[in-house]
Structures are given as structure tokens and as C-alpha cells.
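Below you'll find the structure, written out as C-alpha cells, and then a few comments.
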Amino acid sequence: MNSKNEISARLQQFVEERMQTTMLTGVLIGAAVAVSLIGIVVLFLYRRFKLAREKQPGVPQYRFRKRDKVLFYGRKIMRKVFSISIYPPTLQPKEPPPSLLEADLTEFDVQSSNMPSEVLYMLKNVRVLGHFEKPLFLELCRHMVFIELQEGESLFRPGDDDDSIFVVQDGRLELCIHENDGTEPVVKDVLPGDSVHSLLSILDIITGYPAPYKTVCARAATRATILRLPASAFESVFKKYPETLVRVIQIIMVRLQRVTFLALHNYLGLTTELFNPVGWKLISSHMIVCVCVCTQTHTWRDSGGHSDAIHLSKSCTILQAAKKDLLGIIQLQDPSLLEGRVTLHQVKAGSVVARQGDQEVSIQFVISGLLHVYQRMIDREEETRLFVTHPGELVGQLAVLTGEPLIFTVRAQRDCIFLSISKTHFYEIMRVEPKVVLNVAHTVVRRMSSFVRQIDFALDWMAVEAGRAVYRQGEKSDSTFIVLSGRLRSVIMKEDGKKELIGEYGRGDLIGVVETLTHQNRATTVHAVRDSELAKLPEGALSSIKRKFPQVVTRLIHLLGQKILQQVNGPLTGFLALHTPGSKWDAGNQASNLSTVTVLPVSEEVPLTAFTLELQHALMAIGPTLLLTSEVIKQRLGAAALDSVHEYRLSSWLGQQEDLHRIVLYQTDYTLTPWTQRCIRQADCIIIVGLGEQDPVVGELERMLEGSAVRAQKQLVLLHREDGPPPTGTVDWLNMRSWISRHLHLSCPRRVFSKRSLPKLLELYQRVFEKPADRHSDFSRLARVLTGNAIALILGGGGARGCSQVGIMRALCEAGIPVDLIGGTSIGSLMGAIYAEDRSHSRMKMRAKEWAMEMTSVFKKVLDLTYPVTSMFSGAAFNSSISNVFKSKQIEDLRIPYFNITTDITASAMRVHTDGSLWRYVRASMSLSGYLPPLCDPKDGHLLMDGGYINNLPADVARSMGAKVVIAIDVGSRDETNLTNYGDSLSGWWLLWKRLNPLAEKVKVLNMAEIQTRLAYVCCVRQLESVKSSDYCEYIRPPIDRYRTLEFGKFDEIAEVGYQHGKTVFDVWTRSGVVDKMLKDRHQEEFHNTQSKNNVVSCPNASFTDLAEIVSRIEPVKPALVDGKLLAHFHVGPTCSSQSHYEKSCVDSHLKMCVYP
């Protein structure tokens, strides 16, 4: 016990002594530090004091010599220059501006307005009838009547007079249709600000044929206040302003054709259900007798079935009797107006009187025989018969009133005699007696079925201003929308709050149908890119149509099936966080359905007129193209066409040109004029044109554009001379601008930069337009990009086997197949980058061979060996070989748009590189694991490896960038799949014995390296199979399996194998029509019947059709001439002369006619 205490005491004493020693040591160290600090301070003060005493006046002060100072600063500057050359300027990442992805927060707000709610609501709903001046609108408001309804109380029932426009001020109405079984399903919920009316019923009131409600009723779902505007209120307005009457008639007819027929026929597949099989006919007994007598004595002169002039002595009686009947139908007060304006035609059975899509149409009044009316079925070449025009009936009047293309084909079922009034002659009659349009419009309404009248109550025609939301994400889906004009954009907000562009929709696109049919909330927010017109089909109306016509369900299943298949068959880019275009009507390539393109110059030095003419020439090879400038508009439509009072006229005419042409080009002025503002408002896409040889600069128009909320996507186009230096400094052009969706370099022919006057320039391009456009030119590439017809070339990875791609690309050029986008992985990224920089096959082959020969150097490989911690080689020699090929070239400076693929092992994701240092990202895409170390991305420091590990043939990426067709060249190695089944376990000794024993049976078992390689390429193999099975990809694999990955010494042999294989493949493509299909526009079928392919010196096919303009004689239409030739170059269509439009259409259709006084 004592010993334990003794040991404890000694231990405690030892610890205390050590603590004292430690404390003493700490004190000594602290004292030493303090003394040192004090000494340093004293020394510093002493030196300062000594220097102060030494600086005495008169004593010379020594300094650096100038040469030493210059040398010092020179070295400093060179260090900075050297550091800049190592890291060239990079593209600054920029987010899209809010105006691109966000809809305006301000909606139609009644509380924030100074005007009464009833006036605002009425203005909103009457606006669909056209632009009413303030005095006219106020006069209409005086006739408004307030109606208070209790819940369940009816606003109107079948049998009541259908003579008013009803607008809900507060509460909610239900619009119902009375079915034959006694039920009344709700087809539309009418909320505050919405209206209940049928434009066809208003037309009945205006024309003097009022009718009661037959099957439609409306009741209050809640207590409601209703505004009632009697249709008779328009009569006093029309008496004072006859041009307003004609304009309202035209708008109603346009709505009937665009909204009703587009929605019910094009998307729901209804045809015969839209028309009454028997119309209203009026023909006198005297007329019948005359026709019978004349047809018995007449003999045909033309066996071809075309119309023949009836002998004068036998036709006068027919003509006079027919005129009397025609006067009775259209109720013309002055019979002399028909003199010289009515033509008599006689056609044989089977003759086509008018074709669907014709622009120059006429009104036919059948005297004898039958005219059958047909319409092409959706997605088929077949035609279905809509109705039959009997003697005493009119046909073609809808197209004449609207001024739009004919929506059906008129064919004579048997020998037929009819009167014809051309559109031009009808407008001449209408100018004298405007009310003639009332009776002609009434004949159109009588031909419509009762079903069309019912749906007309439910269909809405919406005018959406630029920036306003059509619907927002998360809202209830209660309707489907059809784009009549303008452009919409769909944006989704993700869970992290970021917004992403999903797609854009143009004329004719159907949106919101999936959510409506599946009863889900809106998945995205859709807003207007520019002022747009939409047709709104409520869910209730769609359900009612499905009950009445079950065949509509088949059409809807077809639409939904397209969407589902698009998602099921879509590639893995969604998994890899890449955007993939969807179907036409719910997402897609943003350039696939452009209607209007605005061209805007950076400076006055830009040859804008020559550029737009070159672009028009290239676009005409794809489809009908119209080029509009301020001079063309003033000459064509009058000097006052851009005034606000003619807003409706100009908008309607411009919208009509979008119907008639694949693309409408708007050339702005060099300053911010009203025409420039109109061009920007009309733009689906804005092309900013600059000169690549000039220093980067932002133009005045661009600055003004940045200040306004322009939602159209902007693309930068830099022009270069054919014999000029290669593009440089593109990144500076892009960094100066807030956000550019795409940029392109265009090598221009010398005529673009020629200093010619406008007449001589137009004369030059008249000769240019006589020749077909070069499909390999940069302007043709821009045309294909704008129309969604770009062709992409994708080059896969595979080591030395990639040398075959050089030969295939040679065969591709010889076959005449253009390339608009190049992408690649591994060796494909190198070959693609060389071609994108030079666009010359011979030059590409030379540079690629030099690099391949350098790769065969064993000495350089030995010198590059290093301790294999990360890789066998340091990568310095490989870096030098790649940088020697591309120098300091940036991806943005390549002449052809280019991208490559790398594997980001830091973020475990695929990287798509479209900008930055070219040689670095090519090197990264070729960094094979184990051989080369990963490359550090100079932007974010992420480690980048060979892109073949994740996507060895990135055709899906090219598709997501807007390519219509992708030509994919696969040169990867093929793995052995016939492996030995060794059971549940495997002995390495057994494998060693099998390999060493020459008599043993050989086994195929993967070693550890091969297993790791196959694991690395699992995602790549899955991606490759998806690409090979896609419908947009043309897959090519040359026979190069016998060549190993590092056999670069056989460059010529491998390239020749690729050339011979490519030559065979492309020859088969040419003979089988694959090449023609690649170059064919996806929308070309829509225009082949509406526009003839004439040369540039002809007038537009469609004249300015505004009936109110003709009646009120605001300004006569003038031929567009600038030095005698301007309009000739800016319009595409049939040649104009002093003849009437109808005389030309008769000549074109080979119908011989006779005009009787």
C-alpha cells in the first residue's frame, strides 16, 4: 500500500516539474519574439530617418535609365500577352432575357383601368369585328342594355330571337346545346369578359334574314350581370360608314373560313358534316326551257373537255335569262352593272372548274348541269365530296369575299353551263353597290349546316398581344387552341425555379390538346411572341362533337398517338439533360415553322439589299418566298399604308402573304422608321447582319432593340468575302450582345459587295434568279436552317478507323449532298473540325494525313511516357499534335456550325461543346482513359474525357439542334458477343492452361481490362442502338473492322475504303430518291397548289384584298415600280399585265370564254 502511494507521489512530482519547465520555455519564447518585433520596428524607423537626412537639395538623385524602364515594362506586357495567348477570350455565359421566357404579368385588368368595366368588356369582344373608330364604338355603346339573371335563370332558349351579342360582366353563364334525346350538355363556360354570340347570326341580322335560336340555349350558373348589344345597333353605324359594313362582312367570312374550317376540318377531320347537301336555288322555268333547247342544238368544238364559247345566236337567250335569275339572288339594283362583267362558260363532264388552293377565283352561277365540290382528306391524297351545286346556286363566293385561297375543288359532274363573275369584276360591282356583299354572304351562310352554327357559338376568335399569356402553368385545361396567325412560345418552370424553352408554334399549329384530352393541368406557360390570332375550342364543345361524330375520336387518337410515339421513340437526350424536339403541335424545332424573318443591319456599310436578294434566291429553292421592303409596301399598298388608321388593312394583307408563301422576308430600313418597327413586330425570327471584316460593334438599331421587349429569337450572321481571310474574333461579336440564339458565317459572292446602284443591282439579280441556287452555298445553308431543313453530318469515334470518314466525306461532296451542321466524338471530332474550318476535301485530307503520320512516331510516344498514376502518357505530345493542326482557332470561328462531345467525369454527365478553344475540346474528346490524362476544362475546371464513353455517335444531339436529317458515320469497334459459357465460377489457372496448351480448345473469356472497357461503353452502346432505329438518321458503317485502333500508318488505305463504300451508298441514295427527300421541304406540299414557281420578275399572286378599301376608295392601288423594276424583283408569282386577273386564270386553266355585252 505504501509502495503505491510512493509511486503516485513521484508521478505527481514529475508532472509538476515538467509543467514548470514547459511554462518557462513558453515565457522565454514569448520574450524572444517580443524583442525581435521591437528590433524590427526600431530598424525600420532608423532607416526612414537616415533616408530623410540623405535627401538634401543639390544632391543628385539616381534613377533607372529609360532603356531599363522600357525593358521592364516591355517584359511585363509580354508576360500578359503570353498569358492571353494561352487562354484566348471565351464566350461569356448569358441567360436568355426575361422577355424571351416570361410572359407579361399584366393581364386584361378591369380595376386598373379608368374606363368602366362594361365599356372595356364590350371593346374586347367587339374588337373581333374589326377596328372601330372612337365615335363608332361610342355609338354602339349607347345601345347596350343591362340584364340581371339569377342562378338557373335562362338568358335565351330555343325559339327566342337570335339577334344580340351578350357579354358577361360578372358571374358565369353556361352555353348548352339541346340534343335530340332531350339532354342539354354544356359546351362552354362563359366567364366575366367573355361573350355569347354567333357571327353567322349577326350576319343574318345584317343581311335581313333574322332567325330564332334552334338548338342553343344559355343559362346563369351563378347570379350574373349581362350586357346585351342588339345586332340592330350596327345598322345606324353601317348607314353612316358603308366601308365598315363591308369590313365586318369580310371579317365574318374570314373567321368562317379560317377558324371554323381549320378547326373542324384540318384537325377533327370533318368534311360533309359542315355543309348542307342542298342549298338555296332559284332558277326560272323560262331559263330551263332555254337551256334545254340550246343544249339539244349545240355541238362541241373541243374534245378535250374544256369550256367552249357557245354560239352567239343560241346563247343570248340563256345569258339574258340567267342574268335575271342572278340579279334576283344577289339583289342588284342596277342591272347594267353586270354588262361586260359576266362570262358564260360551257364545260364537259369531268372538267375541273377551280382547284383547291387557287388564289384567282370567281363566283360561278350554275345554269344547267351539276358542279360537284370536293376537298382533300387529311393526310391523304383522296378527295371527298362536300356538296353538289345545282342549277340556280352559287359556288366560290366565300373565297371571293375573303380574298383567300379556295378551300375546295370544283369539278363538273356532267356537261355544265354556268355564269362566272371574276373577283376583279365583283369588286367593281361592289364599289358601286356595297350592299351586294350582304346577299352574296347570305348564300354562303345558307350553305352551312346547323352543326356549324352550333359550334360557331362555342368557338372563340382570340386576339393576343405580344407578351400576353395564353395560359399559364398549373391552370386548369379547359380548351384547345389553334394558331391562326402570329407565333407562340411554350416555357416550363422547373422545381428549382429555372425556366426552360420547350417549343414554339406557328400558323396552323395545335396547342394544349394533350392536357385538354387527358384532363390535366397545364404543363407549361404559353405566351405570344408577336401579335397573334387564335381559335379557341372549349372542352365541352369538343366533347359534344365527339358524341355527334364518333369518327372524330379516331382523328384525336391519331394526334395523341403521334405525341406518345414521339416520346417513346425519343432518344436518351432527355435523360442526358438535352433538349429534344417534339411533335409539331406541342413542341419542336424553333425554326421548323417560321413564317416571317426580319433582316436587320448592324451598320449602313452592310449590303442589306444584296443580302436579302441572295437569301430570297436560296429560299425559293425550298418554297415560295416574298421579300418586302418599305418601298414595296408604299408602292403596292399606297403611301399611307403604314398609318395607324390602316392597321387592319396592312395586318390582314401581311397575314395573307404568310398563307401564300413559305417564308416572308422583311427588310428593315437603316433607321428606326415605322416600317422598321412593323418589321420587328411581324418577326418570328430576327437576323442581325454584320460585316465580319469590321471590328465588332453594336448597331444603333440593335441598341433600340435591346431596350424594347422583343420576344423573337435573334440570330447573328457575319458576312465574309469569298477570297477574304478566315473568320476571327466571333466571340467579341457575341459578347457584345445580350443574347443570341445562333450565329452563322456566310461566305458571300463578289456581287454582294459590289457597289452598284439599286436599278443595276436589281438587273443583276434578275439574271441570278434565272439560275437555280447552289445548294452548297452558305446562303442555301442559312435558308435550310431558317426553314428547319438542315442536314447534319455526325462522325463517330474509332481511332484509326476514323480515317475512312475522310473518304466518305469526299463521296458525300461528289454526290451533291450539302452539310449544314457537323458534330463528332473522339476521332470524329478531329475530322469534323478540320472540314468545318476549311470546307475543302483536298485540304482536309492533307491536314488529316499529316496528323495521322505524326501519330505513328514511336520516339515522341516514348518521350511522353510518365509514371502511370493517372495515365501512361503525360499528354504533352498529343496536345502539341492537336494544337499544331488548329493553332488558336475558336469553335465560334468555324465556317460550318460544329460541336463535339466529351464525358465530364467531375459531374458524371455528357458535355456538348459549341464554343471555346477548338484544339482543347478536340483533345478532350479524344482522351482515352489510361492512355491520356483528363483535360481540365478552362471554363470551370471539370475533368473531361473521351466522349465515346457516353455518346459515340451523337446524332440525337444534332437532331436537338434543329437538323431535319442526320447522316451518321459509325467507325467504332464491334465487340465479340459469342463468349464461352464457363458456368458459375471461373479459375484463372484454368484459363492460363487453356492459353498455354496448344492442344487445348480455345475459350473466349474477357479479361479485367476488357470488362472495364465494356462497362464504360454501356451507355454508349444503348445510345447507338437508339440512333440506328430512329427515323431521322441515315446510318452508315464502312467495312473497316479489320483495321485496329492505332493503325494510323494505313491512312490512305483506310480513306480509300471509306470513299468506295460512300460512293456506293450515295449512288443508291440518289437512284432511290433518298437525296431528293433530304432536300425537300417538309412544308412544300402546302404550297405546291397555291403558288406557281415563276421567276423573280413577276407580281405577287395575291393582290391586296380589303373590301372596305375598295368601297371607300381610300387610295387606289398602284403598281410597285422603282426605276421600272423594283416590284418585279421583290414579288414572286404570275406575271401581271393590263389584263384582268380573271382573264389570266382562264388562260391558265385553258377555259375558252366568250364575253357578251
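Heads up, residue numbers simply count up from 1 along the chain you see.
A Cβ is built for glycine as well, from the same backbone N, Cα and C atoms used for every other residue.
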Which range of 299-304, 485-490, 797-802 is motif 'GXGXXG', per TrEMBL
797-802
Give the number of CB atoms, excluding that of Asp946 (active site, proton acceptor) itself, located within 10 Å of its CB.
26
Ser826 (active site, nucleophile), number of other Cβ atoms within 10 Å
28
Expressed in Å to no decimal places, the gap between the Cα atoms of Ser826 (active site, nucleophile) and Asp946 (active site, proton acceptor) is 6
On the 0 to 100 pLDDT scale, where does the domain 'Cyclic nucleotide-binding' (347-430) sit on average?
85
Where does Ser826 (active site, nucleophile) sit in DSSP terms: helix, strand, or coil?
coil
Could you give the number of helix, strand and coil residues in the domain 'Cyclic nucleotide-binding' (436-563) as assigned by DSSP?
50 helix, 47 strand, 31 coil
